[in-house]
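Structure first, commentary second.
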Amino acid sequence: MQSVGGSKCFWGFRSLIQRKEVDSVHVGRREGHHQLARILSVTDLIAIGVGATIGAGVYVLVGTVARECAGPALTISFLIAGIAAALSAFCYAELACRCPSAGSAYHYSYICVGEGVAWLVGWALILEYTIGGAAVARGITPNLALFFGGLDKLPSFLARHTIPGLGIVVDPCAAVLVLIVAFLLCTGIKESSSVQMIVTSVNVSVMLFIMIAGGYLGLKNGWVGYELSSGYFPFGINGMFAGSAVVFFSYIGFDSVTSTVEEVRNPQRDLPLGIGIALFICCILYMFVSFVITGLVPYYDLDPDTPISSVFASYGVEWAVYIITTGAVTALSASLLGSLLAQPRILMAMARDGLLPSFFSDINKKTQVPVKSTVTTGIFAAVLTFFMDVSQLAGMVSVGTLFAFTTAALSVLILRYVPPDEVPISSALKESITSASLQTGRTNRESDRENLPLPAGSSKDDSQYLREIGEAPLGYPLIQKVLSQDNRNEQKRRKIAAWAIAFLCIGTFTFAFAASAKGVSSILRFTVCGVSGVLLLCCLIVLTCIDQDDTRHSFGHTGGFSCPFVPFLPAACILINTYLLIGLGAATWIRVSVWFAIGALVYLFYGRSHSSLYNAVYVSSAYANEIYRSSSDHAA
C-alpha cells in the first residue's frame, strides 16, 4: 500500500507518474453529474470519422506530392500511409474498448503512463484541435470565392479585410462559420452527427464523381499519365516513401471518433467498427482519386494549387470546377465540425480529473453535451480565425496528433505487459482501508491454512499443526518461500517487461533521430542507427519471449477489440510516429516548446494541486472492492 501524498518527491515527481483507474468517470456520476447521451451508432461514428479525416487537403495535396515526390506512384504512397495510420487505429480501437471514457489519448495515457504525460497529451490535443479548426475555417473563404468568380467578387460582409496600420487580415466569414458550428454542437450530439452525415455524404459524392467522370475520360482518351518514359516511379522508391510521409497527415482525424466514446450505444462493438470502416473508406477514396488524376495528365503538368479542377478543365469540362469546389467546401466544413466536436470533450475529461477548472466538465441537462466547454472552444477558435492566418502554425497540429498516436501505442504495450496493479483511493477512506486490510489479512491466513502442503512428519490430526502454520515464517521457511515464489516470479516478469518497454522507446527515439538527422557524417548516422536498431530488436525479442500479463484479460472493460501482433505492431507505430515527429522541423518544435512551457506552468500552479489524485492512497486492485464495501458499511 502506497501513499502518493504522504512522501513528497522533488518538484512533486510522484504526481507526474500517478495513474487513475479505468472507471474514474463513475465517481463524478455518483456525485450527481449529468451524463452524456448514449445515442450514437456505427453509422454516426463512420460519418464523424470520415468527415473529420477527409479535409480539403486532398484537393490540393494530390498535385503537390505528385509533382515533387511520388509521380504516378502517388496511389501507392496513399496506400502505405493508410497502412501506417491503421497501426495507430488498431491501438486506439483496443484502448477505446477497454477504457471507454471521453478524453481519447489523454484518458488512455493517464491510465497507463501517468499524469505528467497525460497532461502533455491533453495540452497538445487542445493545441491540435484549436489551430486545426482555425486553419480549416480560414480555408473556406477562398473556396467560397470560386462560386462568385474570385476573392474580389465576394460580398463585403464575406470578404477578407485588412486593418489599416496593423496589416492584419481579418476573415469575418470564417469566424461566423465557426460560431455557427459551435452553436450546432450545443444543440445535441444527435443533431450534430446528423449534419455531419449530410455534409460528409456530399463530400464523398463529389469524390465519387471525380473517380467516375475521371475514369470515363481516361478510358475514352487514354491514360497519358501512365505512358511516360520516366515510368511509374520517376522519383524512385525513396520518392514514393517520401510521398507517404507527406500524405500520412491526410489520415489525421479518425482519432476524434474516440472522443465520443461516452455517447456511443455499444462502444465495445461500435467503436472498432467505426474507426476501421472510416479509415478504410478514406484510404480507398484517396487511392482512387489519386489514381485517376495522375493518370489523366503527366504528373509534372498538375497544377499545385487546383490540380483536380485544372485536370478536368484540360479536357474541356470547366463546369466540373463548381462540383469540385462544393466538395472542398463540404470537406472543410466536416473537418471543422470534427475538430470542434472533439475539443470540448478533451476539456471535459481534463476538468473531471481536476487538471482544469470544473467549469469545463459541466454537462447541460437538456442537450446532454458539455455546452460550456463547447461555447468556450467556439469563441476562442472564432477569435483566432478572425484575426490570425494560422497556416504557418499548421505543423503544430501534427505534433499533437503524432504525440497522441505515440502514447496510445505505448499504452497498449503497458496494458499488455505491465498493467496498473494499484488503484487510487481517496485519503478520506483511511478507516475503510485499515478495516479492509485487517479483513483481507484474516482471509488470507485462513486460506493459507486450508491450502498449504503439510510439513514433513505432520498430519491434519496433529493438534499442533494449525499453530505451526501460523508460525510458518519461523518454523518452516520453505513454506514461506513457496507462498511468495509465484509473486516473486510475477514481479520479476513485470520488471523485465518494464525495462524492455523503456529501452524500446529509447532505441526507437535514437534510431528515428539518427535516421532523420541532416548535416551529420554518414558513418556516425549508420553507427547510431545500427546500435539503436540492435537495441530495438533485442527489446522486441525479450517482449516476445516473456508472457504477457494474465490480468490483461480482466483489466478495464472486457469483450472488445484486441490489438493484433503485440509487441510488433505498437512498436512499429511508435517508430513511424517518432520519425514523423522529429521530421517536422526546428521552427515547429520551437513554437510547440513555447506552448508546452505554458502548459507546464498551468499544471504546476493549478493542475497538480487540484488533481483528483492529489493525496490519493494507492492500494492493490484486489483490495479496492473490499475498501469500497467497508466504506459503504461504515456510511450506513
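Positions of Cβ are set from backbone N, Cα and C atoms, glycine also.
Features of the protein shown, as given by TrEMBL:
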type	residues	note
TRANSMEM	74-93	transmembrane segment
TRANSMEM	105-126	transmembrane segment
TRANSMEM	163-186	transmembrane segment
TRANSMEM	198-219	transmembrane segment
TRANSMEM	231-254	transmembrane segment
TRANSMEM	275-299	transmembrane segment
TRANSMEM	369-387	transmembrane segment
TRANSMEM	393-415	transmembrane segment
REGION	436-462	region 'Disordered'
TRANSMEM	496-517	transmembrane segment
TRANSMEM	523-546	transmembrane segment
TRANSMEM	558-582	transmembrane segment
DOMAIN	561-611	domain 'Cationic amino acid transporter C-terminal'
TRANSMEM	588-606	transmembrane segment
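Long-range contacts of the transmembrane segment (74-93) within the same chain, counting only residues at least 6 positions beyond its ends with a Cβ under 8 Å from a Cβ of the stretch, are 62, 65-66, 104-105, 240-241, 243-248, 250-251, 254-255, 258, 271-272, 275-276, 279, 282-283, 286-287, 290-291, 294, 299, 405, 408-409, 411-412, 560-561, 563-564, 569-570, 572-573, 576-577. If you look at the transmembrane segment (588-606), the same-chain residues 6 or more away from its ends with a CB under 8 A from one of its CBs are 116, 119-120, 123-124, 127, 355-356, 393, 395-396, 398-399. If one looks beyond the transmembrane segment (163-186) by at least 6 residues along the same chain, the residues whose Cβ comes under 8 Å of a Cβ in the stretch are 133-134, 137-138, 140-141, 144, 154, 157, 192, 195, 333, 336-337, 340-341, 344, 364, 367, 369, 371, 374-375, 377-379, 381-383, 385-389. Within the chain, the transmembrane segment (496-517) has long-range Cβ neighbours (under 8 A, six or more residues past its boundaries) at 410, 413-414, 417-418, 524-525, 528-529, 531-533, 535-536, 538-540, 542-543, 546, 549, 567, 571, 574-575, 578-579, 581-583. Sequence-distant contacts of the transmembrane segment (105-126) (same chain, at least 6 residues past either end, Cβ-Cβ under 8 Å): 15-22, 92, 95, 99, 255, 258, 342-343, 346-347, 349-350, 353, 355, 399-400, 403-405, 407-408, 410-411, 414-415, 419-420, 556, 592, 595-596, 599, 602-603, 607, 611, 613. For the transmembrane segment (393-415), the partner stretch with the highest count of Cβ pairs under 8 angstroms, out of 275-299, 523-546, 558-582, is 558-582. Taking DSSP states H, G and I as helix and E and B as strand, the domain 'Cationic amino acid transporter C-terminal' (561-611) has 40 helix, 0 strand, 11 coil. In the predicted model, residues of the domain 'Cationic amino acid transporter C-terminal' (561-611) average a pLDDT of 92.
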